[in-house]
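Trainee: Among the features that Swiss-Prot reports, active site, proton donor is placed at E355, with the record citing sequence analysis. Sequence annotations record features per position, and here Swiss-Prot assigns active site to H386, K501.
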Amino acid sequence: MEFRMSKTSPSHFFNYSASKKLQELAKHPLDLTKELTPERVTQYVAEAGGFKLLYGTERVTNDVLAALKQLSEESHALDKMNRMQDGEVMNFIERFPSENRPALHTATRDLFDYPRTAKKAQEAAQLAKAELEKLRQFLEKNDQNYHFTDLVTVAIGGSDLGPRAHYHALEHLLKPGHHVHFISNVDPDDVAGVFRKIPDLKRTLVAVVSKSGTTLETATNEELVREKFRQAGLDPKKHFVSITMPGTPMDNQEQYLKTFYMWDWIGGRYSTTSMCGALMLSFAFGINTFWEFLKGAHEMDRIALETNLNKNLPLLAALLGIWNRNFLDYPTVALIPYSQALLRYTAHIQQVDMESNGKHIDQQGIMTNFHTGPIIWGEPGTNSQHSFFQLIHQGTATVPVSIIAFKENLYGEDLEFQGTTSQEKLLSNLFAQSLALATGQISENPNKTFLGNRPTNILLAKKLTPYTLGALLSFFENKVAFQGFIWGINSFDQEGVQLGKVLANRLINEFANQRKKTKPSSFAIGEAYLKHLDHFS
């Protein structure tokens with residue numbers, strides 16, 4: 001079978017007239033070391049939904065912004081966002097086998113003012129609402145009986161990264177007496193370590209999450225956890241709930257106390273506002289807190305439909321990212337939250353972005369002739385300033401930086417020291433980094449020279465609340481989707497994980513064959529890897 005990887009996409013992106021304008025503009029980008037002024041910092045700001053996006057320290061001019069807006073129009077980015085939120089099939093590759101389904105995660109929070117009127121979106125929202133009601137009744141009963149105090153979630157990938165990141169972000173709101181534990185890695189030490197922290201298995205609930213009901217790592221960890229309960233003389237069925245699609249092996253009343261549903265139109269990395277996140281976040285913080293989280297996500301979904309670019313924060317951020325990636329040729333982005341509560345947030349957005357847009361073919365199945373998703377990485381500030389910011393300031397590669405920040409801290413506990421509070425010191429540091437990266441410094445000592453022109457943007461809100469956290473999630477989800485729409489790629493599948501799974505299963509069979517000592521090897525190169533383990537016998 002001939003695969004058309006040798007051909008490149010002939011019809012879009014660099015052939016847009018806006019792209020040609022941007023290529024010309026990129027030959028002489030704005031020099032931030034000369035052009036950054038107080039007026040520019042004041043002028044280049046977009047505001048919506050309680051957030052301000054400060055982008056005066058990006059290397060853009062009004063001409064660049066006009067061309068970027070034109071690019072979004074030529075690629076029909078807003079139309080595609082509307083179609084996605086209406087439930088049209090957006091997860092597809094033309095003429096090749098693909099998942100061929102909607103990407104309707106927005107329906108899981110489309111439960112408030114101005115809901116979508118398209119039939120598929122309404123039907124999906126009603127399904128999500130029914131599951132939330134089922135969850136409310138389940139948790140209400142548990143609270144009345146004060147039965148389960150600890151929750152263990154067994155999941156992997158987006159079913160783990162997203163909920164876990166948002167749990168840490170809201171941990172200051174944890175209900176008294178409640179504790180949450182996470183198991184994801186198939187490394188048995190993950191399970192063993194968690195169970196050393198659980199005080200009473202009798203009062204422990206386990207939520208197993210797998211859309212397909214067959215995820216190998218999750219199934220393996222589930223069996224390890226079930227064995228812990230059996231060893232304690234407890235019936236796992238009375239402690240286990242499942243979150244899966246209807247009809248999967250995990251949709252089984254004989255094995256689970258309760259089953260909550262998700263659907264094939266929700267991708268794992270987009271599943272935090274579905275039951276994947278709802279059960280754990282509602283158990284930990286209460287369902288009203290989760291409801292506020294959904295409200296924030298819904299509001300940013302609506303903002304993503306704004307035709308005014310200066311109010312459509314996700315689209316503007318997407319276009320700034322495309323300018324940096326495709327026209328200034330910066331291959332990576334450091335995502336730096338100046339909030340310790342967001343210590344796992346970059347890991348989640350890393351998956352949302354890189355699994356969505358790490359694609360080398362377009363939706364016609366043709367190899368792209370342009371770069372797609374950047375490498376996303378980072379850690380919270382100010383800690384990161386004392387680790388990898390040296391490279392960002394003086395390294396040979398230009399690394400754009402996206403900063404998340406809040407005016408106020410979470411607990412309201414602070415101290416004035418040497419004339420300022422800790423929060424003021426935090427804010428001073430993040431603004432200083434943006435300024436230093438943009439303007440640089442000239443010195444007679446070359447070791448103290450900073451070249452500048454390192455672009456940054458700052459997403460700023462008053463305070464991290466359940467509402468703003470939901471909006472923040474939607475901001476990044478929609479930003480990533482917009483970039484995929486403009487590039488013409490499928491942001492909603494993840495074939496890149498499949499080949500490794502196939503080969504891992506062959507190696508697993510090789511381990512099993514060696515244990516049985518009955519079958520000769522059918523996977524010689526795999527056997528060659530395993531022989532290295534014999535050295536440690």
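Just so it is clear, glycine is given a Cβ too, placed from its N, Cα and C backbone atoms.
Map these features onto the structure and tell me what's around them.
Mentor: Cβ environment of E355 (active site, proton donor): G158, R269, Q494, G496, V497 lie under 8 Å away, each six or more residues apart in the same chain.
H386 (active site) falls within a helical segment according to DSSP.
Within 10 Å of the C-beta of K501 (active site) we count 12 further C-beta atoms, all protein chains included.
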Trainee: For K501 (active site) and H386 (active site), what Cα-Cα distance in Å is obtained after rounding to a whole number?
Mentor: 37
Trainee: Would you count the other C-beta atoms found within 10 angstroms of the C-beta of H386 (active site) for me?
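Mentor: 9, counting other Cβ atoms within 10 Å of H386 (active site).
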